[in-house]
Structure formats: C-alpha cells, structure tokens
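J.: The structure under discussion is supplied below as structure tokens; questions concerning it will follow.
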C-alpha cells in the first residue's frame, strides 16, 4: 500500500478555511471584544516593560496587530498563534518520526480544546502556545545537532517566553531537569547552554528592572490568583487542575474512540528507524516535555498546597498530538491516518458551528450578555460625542470601571485612542499622573451606582483648574434588544483652556 499523501490542496484548503472562519466569524458576530483583548490593547498602547498582571510582549503584539489591521487584528493574531504552534510542532515531529506522523501529530492538536474555543480571545495564554512549542523545538535542535545557532535560538525564545508570561519558567525548569538527568548533561561542559542562558537573561533583563522598580506587582497579582484557587479547594485544587486538563483532551479521546485507534508503546529493542518512529530517546523526550510540566505543577500543588488555576495548563499540551501519533502501531497507521483526519474534520466543523452560534445567540439564550455582547460601538460613540460637546481638546484618557473604560478606549475612533486609567492602585497605570490630568482632563465612566475609586481624580485639589460636568447615558443592547438599556454614569474633568461653555 502506498503511504498516505503528506499534503494535498484539499487539506490545505480546509485548514485555510477553518482559520479564516475563526478570524472573521467573531468579528462579524460579536458586538465587543472579549475582556482580555480589551485589557491587552490598552496595555500595549502604553509600551511599558511590564504591567501589573503580566510581562509586556503579548500586549505589544496585540496592540500592534490592532493598530495595523484594525478591528480584525486581535482575531487574526490569535489564529496566527494557533497556526504557528501547529507548524512548530510539525517541524519538531519531522525530527522524531515520519512526515506523515508529524503532520498528523500537529493537526491533532486542534482536537485539544485549548486550541479551539479559547482562541476567540487572544491573551497571554494563547500567546504562550507557539512560545512553548518553539522553545521545545529549539531545545531539541540544540541538544541533538549541537550548533551554536540553535543554542542562541533557544536562549532567545526562552527570554522572549518570559516576556510573554512568567509560567514559561515551568517549561524551562523541566528543560533544565531533563538536561541534567539525561545523557545530555555533558553538554553543560560546552559553551552552548551558557550562551543560551546569557542571551535569555539579556532579553528578560528589562522586565526584571521594571519589576524591581514597580515592587514586583505581577507576582502580587499571581499570588492573589493562587490564593483564590487555594481557598476554593486547597490541595484538592491540584486534582481539579488535572481533571480539567483531561477534560480539555476529551475531543481527542473521542476521535480516537470513534476511529477505533489503538495506541501501543513499542518494545525497547524495536528498529524504530525502519518504522519511521521516534527512538527510545526521542520517545522519552516527547514524554518528558509533553507531560513533565503538568506533572510538576500538580506535584507541587499537592505537596505545597499551591492553588492552581485551570488555564495555567493551557500551553502545556503542545506535544499531545505527537505523543498520540508516535504510539499508533506502524501496521495500522496507513489505515488510521485518513480516519483520524476525518474525525478531526467532524470535530472542527462541530466546534465552528457551536462557536458561531454561541457568539451570535448565546446572550439571548441565557438572557445575559457575555463579554462579546456589550454595545461597544454605541458606548464609544456616546463617550466621544459627550466629550466633544464639552471640550475643544481631544479625549486623552478615560477612567472609572475598567471594563467600560476599556471598551471605549479600544473601539476604533477618528479622534485617536485614549489611555485607560485603571481604578484602585495608581501603580496599575504608571503612564498617568496628576500633571497629565491637569493638562488634559479625563472622562470617568461606571455602571449605575457608586463611582469606583480613582485616586488620581479623587485627590485632585479644589484649585486644579478643571471644570467638572456629569450625567447619565442610556445605551441599548444591540445583541439583546429585549434587555433593559445599559445605564452608564459619567463625569468629565475638562481643563479650563479646553472647556466649551454651554448655551
């Protein structure tokens, strides 16, 4: 029997169609960006070396795509991150097994839930997916080919990964443990690993300096998030974390069951080269890198009582598809290959239909808006028209409720994009200052009720030179026409030099 054809126009066309649909359907069907997209855009606009929750690289990329491609930019970036992850996993697979198995292993990643539904919302977790795959791939090239350029590539990706999200340190710890506990430990006697370490530190250094200058704010945030998980389950949160990771593999498991695909580990003395399968060492590499990070955090969670958030596991499964592909017996692979692709196609069709239906009608079914159902356009237009009616100057910044303020700030506007002044701790918005407020003023928005604390505004002196006006908007829900209008209260702080006296 002839081996399965590696690539075909049909396969490439279906993949392209899938990524196009997941880019344009959210754009067409949603009324607002998801929360993390809103947050990432208004962070990235400020070009800081860090933010109070996360390091900066993901937000820079998100804002860059938003600035270049407009409203579709965040959705495009998210799908490019998924596609890049698949390509990097395929390249790694080519080093370990036959091209057909490598391709199948990369495509089966789309049967891991993390690679489908969560990609609606580009955030630091989505940004990590290609980073983890790239680090593993570069590390494998470095320890097998042992050329300086691969060690430098590994160091560059490791440093960049730490600028995406600090949980990349979990993968780097597994990498170090693997290098010390395997025959590759002799490589520590060569310059390669040390060059990689030096480059990674140089890339990461600006964020370290920012952390030091800003009292390590992201770690305070991470500690609070872990405490939430710990308070809800203690050490049992580690078991909940593990259960969630298994559930995210449910589509993949169902495809294997539906196609009657059996997995079997080959004996140690098998001629794997003749079967185009990973060697025993290659299989160990896949297992350690593919399973090690999750095992490590679960063990730490159980032993130390560290609260684990389920989404922290999102980037840890980039090798799940390759692990499955490597365990399909050679005698059955040619028969199972097309069956598995068909099973994957059914899952992706189902996921796409469910995604489109949820984004379009989910809020109406629940009679409750999701983050993608808010009237972002109407809210932003109302904010800009109110400000223009009161001020001759442009809207420099917006404050108050972080969600409403973010919606206004991230909607494309001819007058430009205002900064967001996050409520609570002034350290959360280091780009804002009392001097900037006195020069440019601010517009504060919040849901009906008591205004949230914004210290820089609350502590303005009586002689600040700002004219204060306030009012209320009633904004209809575009996606939920039967719902009562959204009531938004506002307060404008306008510099005397910009104020338009009302007739």
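Every residue gets a Cβ built from N, Cα and C, even glycine.
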J.: Looking at 248-266, 343-361, 362-380, which one does TrEMBL call transmembrane segment?
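T.: Within the set 248-266, 343-361, 362-380, TrEMBL attaches transmembrane segment to 343-361.
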J.: Given 150-181, 214-245, which one carries TrEMBL's transmembrane segment label?
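T.: Among 150-181, 214-245, the range TrEMBL annotates as transmembrane segment is 150-181.
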J.: Check each of the ranges 193-212, 393-412 against TrEMBL and return the one annotated as transmembrane segment.
T.: 193-212
J.: State, in range form, which of 12-29, 312-331, 343-361 has the highest count of Cβ pairs under 8 Å to the transmembrane segment (285-306).
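T.: Answer is 312-331, with the largest number of Cβ pairs below 8 Å.
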J.: So what's the average pLDDT for the domain 'Glycosyltransferase RgtA/B/C/D-like' (53-210)?
T.: 97
